[in-house]
Amino acid sequence: MDKENFTRLRGELFCDHPLARYTSWRVGGKAERFYRPADLFDLQDFLTQLPSDEPLTWLGLGSNVLIRDGGIKGTVILTLNRLKELSVVNSQLVFREKSGTEDFFSGNGKTIIRAEAGVTCAKLAKFCVSQGLEDGAFFAGIPGTVGGALAMNAGAFGGETWRTVIGVETMNHQGEILKRTPDEFKIHYRQVEGLENQFFIAGYFCFNHGDPDKAKTAINALLKKRNLSQPIGKYSCGSVFRNPPGDYAARLIESAGLKGKSIGNAEVSEKHANFILNKGNASAADIEALIHYVAQHVSQNHGIQLVKEVHIIGRS
């Protein structure tokens, strides 16, 4: 299936396309098909022309995913900088067909932002600062896109994505867009249930209006804290494991003596033990083996089974 099988496409379609460059670990095999839509409407056109049973994988910044060396079957859709609309919206127009929602959003001092899935969380944070929305600053610490943040309830510095969400737009395999509210999902720590073969394409976020200078100060303080504690600039996925209740994965890994542990060219960071680094030419197999090694040794040392935050996908 190549571009000749489609009509009206404005995006870019590739076959047997290498994926490593699209992940923050810089590892992974090829996609059978890889599509970069021109925009949301082009994505709809593309999906309506795919077979109904075509496997779909959605990729944003590639920062919370490990793609195995054997690559991915079916079609990979890249949202980063493609689904990129970001704007303040009229609160009275948000989900007005959903009974009762207008009343909830009619309070003074609230600002509603619509961000599409391919917008980076860093860009969303900067946009919040420009609008004087201090409680959106935590998004600066999430190394991903809005779509990924919605899918896993990403968080940083005490903030969580879904605490700010008042609505989402999802898309199914047929390219149909649905508007949904948070009560249609089960939201957990780093997990969201209820998507059911749909994909997040936009979120509506509600923030309190505040002082732009305070918002800028808040984001700068959070970024300084992140730079001091995390291996910024290295090939990693961010946090590999979720924090267990009442503890921190990094503390457990460090106390098990695993800082600096390597398998192949994958290494547990000396700076932050919940980060695994690609030292330059690691394979996905190296990284996956080290993930399992760390989880096994933490279990042996502490009796705690760490749960992966990173998603491992593709063929070995």
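Glycine residues also receive a Cβ, built from the backbone N, Cα and C atoms like all the rest.
The active site annotation in Swiss-Prot covers Arg190, Glu309. Residues annotated as active site, proton donor in Swiss-Prot, with sequence analysis given as evidence: Ser239. If you look up Swiss-Prot, you'll see 27-225 marked as domain 'FAD-binding PCMH-type'.
Arg190 (active site) sits 7 Å from Glu309 (active site), taking the C-alpha atoms as the reference points. Residues near the residue listed as 'active site, proton donor' in space but far in sequence (CB under 8 A, at least 6 apart, same chain), listed by position: Ala249, Asn274, Phe275, Glu309, Val310. The number of other Cβ atoms within 10 Å of the Cβ belonging to Arg190 (active site), over all protein chains shown, comes to 18. Model confidence over the domain 'FAD-binding PCMH-type' (27-225) is summarised by a mean pLDDT of 90. Every protein chain shown contributes to the tally, and the Cβ of Glu309 (active site) ends up with 20 other Cβ atoms within 10 Å.
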